[in-house]
Amino acid sequence: MAGLAPAAGRKRSPYPSWFYLPAAIVYAVLFLVPTVTSFYFSLTRWSIFDSQFIGFDNYVTFFREPALVSGLWHTVVYAVITSGLKVVLGLGLAVLLTSQIIGRGYLRSVVFFPVLVSTIGVGLTFTILLDPEEGLINESLSLIGIQGPGWLTDPSFALFSVALVDVWKGVGLATLIYIAGIVSIPQEYFEAARVDGATAWQNFRSIVLPLARPATFTVILLSLIGGLRSFDLIWAMTRGGPGFTSDVIASVIYKQYQAGFYGLSTAGNVVLFLLVTAIIFPLSRYLNKKEVDL
Amino acid sequence: MTAAVEVRRKPRKNVVLSLVAILLSIVVFLVPFAFILLTAVKSRQEASQLDFSWPTQFQFVQNFVDVVQARDYMLIIAFINSTILTVASVSIMVVLAAMVAFVLQRRRTRWTGFVNFLVLSGLIIPPAVVPTIWVLQKLGLFRTMPGLILVEVAFGLSFCILLFRAFIATIPRELDEAAIIDGAGPMRLFFRVVLPLLKSVIITCVVVQSVTVFNDFVNPLYFLPGDQNATVQLTLYNFSSAYSTQYNLLFMDILLITIPPLIMFLFFNKRIVAGMTAGAIKG
């Protein structure tokens, strides 16, 4: 105990602050510095080598260009659709996969495996499966007399289709988090409910749903964070097309970067930063507060 | 994990529901993978029809050789690059994160809150792309493998720190004190006493981050452009435009790139699950 007293601690702490140093340097140089300077560079016309201050012109351009503004809107839609579906399907699958069911281990594995597969690989595979004429999905639908839409070629479907593939790939993680949450519910609750003659639905409504709430919060936060910055799947499947109908902020950033508009690209980054912080920080504070109330 | 649940409940299983679930899982999850596998072994003409059908002739070896030889063995180079990237960045990440987590969990100072805030920010805030390129350029690390490795370390630290911090909290302080009384300095205490105790969580962290870094597409795309430096995800992306008519080769590439995560999954399923659900119990 004496070693922890302030007087002795001054001599030499067993937990030295310099342990932070290597990580802090890497993190500060490659994460904090870019994040902070992005605010300045977003106000410039910029060619990496020299930058010229132009005030809010980049933001004006960003919000005047309908293609870019729609990217902002698509980002929110995409994040909400994917995280909503992951919550609903993840919870449903987790209830199923914690119940008495044959082949439970197999089902858990098969639902989870896509999480580990390359996003680009999944994107390219589904681009082909979703091909409007020759794709497996529309060919199967036509067998039962349904004319499938041009999933990725129809402007009103493209963003939605990519979001569905995102859910296909990511629902395993949500399921896993829910399974962990449900398994940690003490069995006494279910036993008491059985004594009271509760139905399966009442079990779900009154025990699983409220007690799996921390898992729900985790799933919502993780999938919103992932959904808002999502880029690789969209890029592999549609590259923001057709037109700009599936462009999100992250793909706008890349396109402007490719076109050499570094200032504008960075402005997009700042917009994304503000969007994410405006949604995630209040939400996580709100959810954490509810958790304490529980 | 589930043994306790099973003992207490009646082992009556819902057969109809099980069959429906298994059938659906085959259609939704297995068919796409089977499609990859089947298309990868077809001939070029057959693959171009995009059918879900049994190949009339198997060309596994032929397609494999073709993909590997394409563009002067680019796939081999890419696999080497990806391996270097994954091994280097994950090793650095794990050691640095464990050091931070150790001090962060053990010693409360007025910095603790601030450090925690930075760690969470690292998970939430999307990295600013072009300014990162600017920093790398200034350091002479843009378009270099060390640059990309450090970028992956910077972006991956937060997750590892949170994982380690939670685990270190379960190691009793008395152990530290015993080591200190025996005359161990901070370095010995950490590297000889604490780090070995972290073995299981280190495996978890290594596995999860290896899969993440190996599958990463965005960071190599921005920070390590150019064919000679391509990682496997980039070759896949490049193949998709260059071989848009040779689906058998494209899917062979997808198949090859899916194998490393599959191996990880088969050997470390439990560890991966533990790492990925760590946040569920304690937000």
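Quick reminder: no glycine exception, Cβ is built from N, Cα and C everywhere.
Positions annotated as domain 'ABC transmembrane type-1' by TrEMBL: B:79-268.
Under the heading transmembrane segment, TrEMBL lists B:15-41 (among others).
Through the fold, the transmembrane segment (B:73-102) approaches residues 67, 115, 145, 148-150, 152-153, 156-157, 160-165, 168, 190, 194-195, 198, 202, 205-206, 209-210, 213-214, 220, 227-235, 253, 256 of its own chain, all at least 6 residues removed from its boundaries and within a Cβ separation under 8 Å. Annotated transmembrane segment per TrEMBL: B:73-102 (among others), in sequence order.
As annotated by TrEMBL, transmembrane segment applies to B:114-136 (among others).
When Cβ-Cβ distances below 8 Å are used as the criterion, the transmembrane segment (B:148-168) is approached by residues 85, 88-90, 92-94, 96-98, 100-102, 104-106, 119-123, 127, 132, 136, 141, 194, 198, 201, 204-205, 208-209, 212-213, 216, 219-220, 223-224, 275, 278-279, 282 of the same chain, each at least six residues removed from its ends. Residues annotated as transmembrane segment in TrEMBL: B:148-168 (among others).
The transmembrane segment annotation in TrEMBL covers B:189-214 (among others).
According to TrEMBL, the transmembrane segment annotation covers B:247-268 (among others). Distant neighbours of the transmembrane segment (B:247-268): 36-37, 39-44, 46-48, 50, 59, 63-64, 66-67, 70, 75, 203, 207, 210-211, 214-215, 232-233, 235-236, 239-240; these residues of the same chain sit at least 6 beyond its ends, with a Cβ under 8 Å from one of its Cβ atoms.
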Sequence-remote partners of the transmembrane segment (B:189-214) [C-beta within less than 8 Å, at least six residues beyond its ends]: 82, 85-86, 89-90, 93-94, 97-99, 102, 152, 156, 159-160, 163-164, 167-168, 171, 175-176, 179-180, 232, 260-261, 264, 268, 271-272, 274-276, 278
Within-chain partners of the transmembrane segment (B:15-41) [C-beta distance under 8 Å, separation at least 6 from its ends]: 47, 50, 52-55, 58-60, 63, 247-248, 251-252, 254-255, 258
